[in-house]
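Data first, discussion second: the structure below is written as C-alpha cells.
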C-alpha cells in the first residue's frame, strides 16, 4: 500500500505527497512533530500535520526571509530569529559577512534536534561560532531585550498553538523596542488566498508600530496557495531604496537583486489588503 | 461520503479539492471533459483530469496572459487566441479599447459549450461583436495566416493530447509568420518546479524565432507548484520598456502596471533556465 500524506490547507482543499517512510514521530511539549521522507520533496518536517519545510523547496522561504531585510539594512551585525528551529534562516543569515551574531530563540528543542538529524542541508550551520541557539520562548526573549538587534525575523508556525502570541500587536511593539533605532522586523504572514484577514490585521499592527511597512511575496509550492507573504516593518531603511552597490554576490537559488525590489510589487488583490479601509 | 478530486501533478505530488457535485462529464473528440462544483474554488473545468480553470482563481491566468502583451504593444487591433475555449482570455482582451477583433481558435467546441453553461463569469463575453469564435485546430489556423495579427496568445493545455503540436519550434515559426512585422507572441509554458526541461526548450525555440524573448511568472494556486510561466516572443517591442503613459486604467484583480515589469524578475533557478547552456 502506498502511503500519502495529505495536508488540508483549508477545510476543502489540500496537497498530497507520497511518503516513503516516517523517520520520526513524537508529541513534544508544544506540538506534534513528524519527519517523513517524501518522494517528491525529499525529507519533510511536519508540525501539527502542517508542512514546515522540505529539502527541495526550503530555499525559497529561507532566502527570502533572510536576504530581503539583511540587504535593506546597510550593515546588520546582530540578528535575532524567533522560531526557525530548522536552521534554514540561520544558514542564509550567515552568508552576510557583516553579521557578527545570529541568535535563535526556538521554543521547541525537539525541532532543532530532529532538523539536525534529518535535515542536515538545512540545519547544518546551527553549530557555527556566530550562532547562539537558545531554546526559549521568543515572546519572552523579545520582552527582555532593548535596543539590541539590527534585524529581527519571525520565522513562526501558523498562528495556532505556541505561535499565537507571535501575531499580536504587543509582540510587534516589543520587537520595535528590542530593535536598535534603525532596526528592521520581518515576519512570515501566511498566504493571501486563504488568510486575507490575518494579512490585513498584521499589516495594520505593524504599520502602527513602524514608520515603513511593506509586504512582499515568494512562491513556495508546498505552502497553501503557493504564494507566501512576508511583512516588513522598518524604522528608517526602505527596502525599495537600496542602492545597487549594497548587494554582494553569493550563491542563491531564488533571491536575486532584481527580485529584491520586484517581490514588493503585489498582485492587485493582495495590494488591496494593505490599504486603509 | 464526501467526494474529493485529486490531481496528481507529478507521480508523487498533487492537490485535492472537495467536490460537491459533478455538473457534466463527457468524452469529447479530443479529451475527457468534466465540470465539477468544488467547495473551495467554485466551478472547476477539468480536461483529462487536470485543472484547467476555476471560478475563484481564473483571473490570475487570464489577466496575465492578456494584459502583459497587450500593454507591451502600443496599439493592438487584431488578436488571436489559440485554445482558450473557456473565454477567460477573451474577456480580458476585450477590456482593451484598441482591439477591433479577437479571434478564438479552439479545437474542442465542447469546451466552449460547457464553459458558457457552467462558467458564465468567465465565458460571458464570447458572444461579443468583436469576437470571432472558430472551432478549429490552432496549428492549422496559424499555418494559413500571414502578417495578420498584432498579438497571438497560446492558451493551450499541457503538451499532451491535442496540444502537442503547440509546443514545437515549427509552431512558433508559424506564429512569427502569422504576426505583423511588430507582432507579439505569448504562450503559457507550465511551471519551473516540475517542467524545467519544457521551459528551457520553449525558451530556446522562441529565442531562435523572435528578436526579444522573455519569461514572466504569475501565482496560480490550482496549477502545479503555484508558480506559472509565460513565454513572450516579440519582434520589436520590449515589455520592460513600456512607458507609464501606455497603461490605461481598468478593473483587474491581479495585474497592475507595477507587476507588468516586476513579473519578469525571475527567481534565480528559473532565470537559469533562460540561459544558454
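A Cβ is built for glycine as well, from the same backbone N, Cα and C atoms used for every other residue.
All annotation found in TrEMBL is predicted automatically rather than curated by experts.
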Where TrEMBL shows A:31, A:106, A:137, A:138 binding S-methyl-5'-thioadenosine, which of A:74, A:76, A:162 is named for the same site?
A:162
Residue from A:86, A:132, A:182 that TrEMBL also lists as binding spermidine with A:62, A:155, A:156, A:157, A:158:
A:86
Additional residues around S-methyl-5'-thioadenosine, ordered along the sequence, whose Cβ is within 8 Å of the centroid of A:31, A:106, A:137, A:138, A:162:
A:30, A:83, A:105, A:107, A:108, A:156, A:163
Using Cβ atoms only, which residues of the same chain lie under 8 Å from residue A:138 (S-methyl-5'-thioadenosine binding site) while being at least 6 residues apart in sequence?
A:82, A:83, A:105, A:106, A:107, A:154, A:156, A:166
If you count other Cβ atoms within 10 Å of each one's Cβ, which of the binding-site residues A:86, A:137, A:158 has the most?
A:86
Which residues in the same chain, at least 6 apart in sequence, have a Cβ under 8 Å from the Cβ of residue A:155 (spermidine binding site)?
A:65, A:81, A:82, A:83, A:84, A:89, A:188
Pop the Cα-Cα gap between residue A:137 (S-methyl-5'-thioadenosine binding site) and residue A:86 (spermidine binding site) into the table, whole Å please.
16
